[in-house]
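What TrEMBL says about this one:
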type    : residues                                            : note
DOMAIN  : 14-159                                              : domain 'Phosphoribosyltransferase'
BINDING : 47, 48, 102, 103, 104, 105, 106, 107, 108, 109, 110 : 5-phospho-alpha-D-ribose 1-diphosphate binding site
BINDING : 103                                                 : Mg(2+) binding site
BINDING : 106, 149                                            : xanthine binding site
BINDING : 106, 149                                            : guanine binding site
BINDING : 106, 107, 108, 109, 110, 148, 149                   : GMP binding site
Ligand SMILES: O=P(O)(O)OC[C@H]1O[C@H](OP(=O)(O)OP(=O)(O)O)[C@H](O)[C@@H]1O
Ligand SMILES: O=c1[nH]c(=O)c2nc[nH]c2[nH]1
Ligand SMILES: [Mg+2]
């Protein structure tokens, strides 16, 4: 399976699973903001953070939603992370009261870059690998470093041959 090397394992997430796990993350973040529990805004790290951020914004009734676009991977190989699009600067300040959401943290390089920009923000991901775990304030599920997480937006249902061929 060259399409998932060098990772040993694959962890396949369905739409239903990401919905449940994002709602679990919202539950954990509810009333945890710095100002009487209040969060000022949700910022999704695009593209992977968009679906979890939408679910969290809906659950916590947060209407101010923005994005930061960070690119570091080309397929499964990593380059230096760079910001391609920033959120509204007057809203962000140093990040206090802002929830910054991504689908996962792997090496932590993406979050390290965003943390430098908004040190007072709260960083949350749905999934976390050990190498990047310390970069996240709140996450739901940890997977091993040698696991590649496959998200539903990167997959499609398709026919598979039965184990016992004819
Ligand atoms: O902790 P790291 O090693 O930095 O990796 C985690 C980041 O990598 C993926 O994004 P990617 O850069 O592939 O872009 P995408 O969200 O547009 O798919 C993922 O969505 C995280 O944002
Ligand atoms: O879809 C993805 N799955 C992963 O495990 C991963 N790690 C970094 N970037 C990733 N993207
Ligand atoms: Mg991403």
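Positions of Cβ are set from backbone N, Cα and C atoms, glycine also.
Keep in mind that this is a model prediction, so the values were computed, not measured.
Annotated features taken from TrEMBL, shown on the structure.
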residue	record	DSSP (3 states)
47	5-phospho-alpha-D-ribose 1-diphosphate binding site	coil
102	5-phospho-alpha-D-ribose 1-diphosphate binding site	strand
107	GMP binding site	coil
148	GMP binding site	strand
Counting other Cβ atoms within 10 Å of each residue's Cβ, which of the binding-site residues 107, 110 comes out lowest? 107
Just to be sure I understand the contacts, which binding-site residues have a Cβ under 6 angstroms from any atom of ligand 2? Candidates are 47, 102, 108, 149. 149
Between the Cα atoms of residue 103 (Mg(2+) binding site) and residue 110 (5-phospho-alpha-D-ribose 1-diphosphate binding site), what distance do you get, rounded to the nearest Å? 11
Sparsest Cβ environment (other Cβ within 10 Å) among binding-site residues 47, 109 belongs to 47
Which whole number is the mean pLDDT over the domain 'Phosphoribosyltransferase' (14-159)? 95
Position of peak Cβ density within 10 Å, selected from the binding-site residues 102, 103, 106: 102
Could you give the Cα-Cα distance between residue 148 (GMP binding site) and residue 102 (5-phospho-alpha-D-ribose 1-diphosphate binding site), in whole Å? 16
